[in-house]
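These come from TrEMBL:
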ACT_SITE  Tyr27  active site, proton acceptor
ACT_SITE  His164  active site, proton donor
BINDING   Asn138, His144, Asp151, Leu165, Ser166, Arg175  substrate binding site
SITE      Arg22  site 'Transition state stabilizer'
Amino acid sequence: MKEKVIRLHVLNGPNLNLLGKREPEKYGATSLIQIYKNLLKTLVSKLKKRVKNGKELDLFLKETLAELIDYDAEDGFDFALPLSLCLDKSGKRELTIELYFYQTNSESALIDYLHNCYFSISKYLEQYKAVEDYFIINPAAFGHTSVALRDALLAVEAKFVEVHLSNIHKRETFRHHTYLQDIAQGVICGLGEKGYELALEFWLDYIYELKVF
C-alpha cells in the first residue's frame, strides 16, 4: 500500500471560461488554460527541489504542456494530473500528488464536486494509507451569492484558499463581501492570475511543513 496521496483541487466558478476575452481591463488578458499551464509549471518547479526524480517531472511537464498547445476552451476545463514523487534514493518512499483543475458555470456542479471528493476518500484508502485534500477556489460571482457553496465547504471540512482575479474591495459594494472569506484559510484578490500561483505555493509550503516530503 502506498504511503499517502495529496489531492490539490483548483475550482473555478461562472464565466471564468471566458478569461482573456471577458472584460480584460478587470480580469486581465490571461486565459484560463494559460492559468492551468502556469500552475503546472509552478507545481513542478516547487516539487523537483524536494524530490529525487526531478528530471522525470521536467519531462512529464514538457509532454503535458505539448498536449495542451491546441487546446480549445470550448472543450471545457476538467483536468486531472497525477504525479508520483520519489522521496529517497531507494525509491521505496513514494508520495502521490494529484492536481485537479475544474471550471463550471453551475453552482450545483461545484457543490457536487466537493461532495464527490468527500465520498471518494474511502476508495482511495484502499490504495493509500492516507488521503488529504486542499482546495484553491475562485468562486467568481458565487462567492457573493451562494450560501449553499459555503455550507458545502463547511460540510466536507474543506481546507481552501479563496482567490479572486480583481480586487473585489475596489469594485461595487455588493462584491466587497463573500460568503466564503471567513471560513477560508486565506483570501487573495487583486493580483490577477498570480493569485492562483501564490495559493498553490502556500499549500505546497503548508504540506512541506507537515513533513510529508
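Think of each number as a place in line: the chain as shown, counted from 1.
For all residues, glycine too, the Cβ spot is worked out from N, Cα and C.
Note that TrEMBL annotation is computational and uncurated.
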Cα-Cα separation of Arg22 (site 'Transition state stabilizer') and Leu165 (substrate binding site), in Å?
12
Under a three-state DSSP reduction, the secondary structure at His144 (substrate binding site) is helix
Among the recorded positions Asn138, His164, Leu165, Ser166, which ones place their C-alpha within 10 angstroms of the C-alpha of Tyr27 (active site, proton acceptor)?
His164, Leu165, Ser166
Reported as an integer number of Å, what is the Cα distance between His144 (substrate binding site) and His164 (active site, proton donor)?
11
Which binding-site residues from the set Asn138, Asp151, Arg175 come within 10 angstroms of the residue listed as 'active site, proton donor', judged by C-alpha positions?
Asn138
Expressed in angstrom and rounded to a whole number, the substrate site built from Asn138, His144, Asp151, Leu165, Ser166, Arg175 spans a maximum Cα-Cα distance of 24
Taking every protein chain in this structure into account, which of the recorded positions Arg22, His144, His164, Arg175 has the most other Cβ atoms within 10 Å of its Cβ?
His164
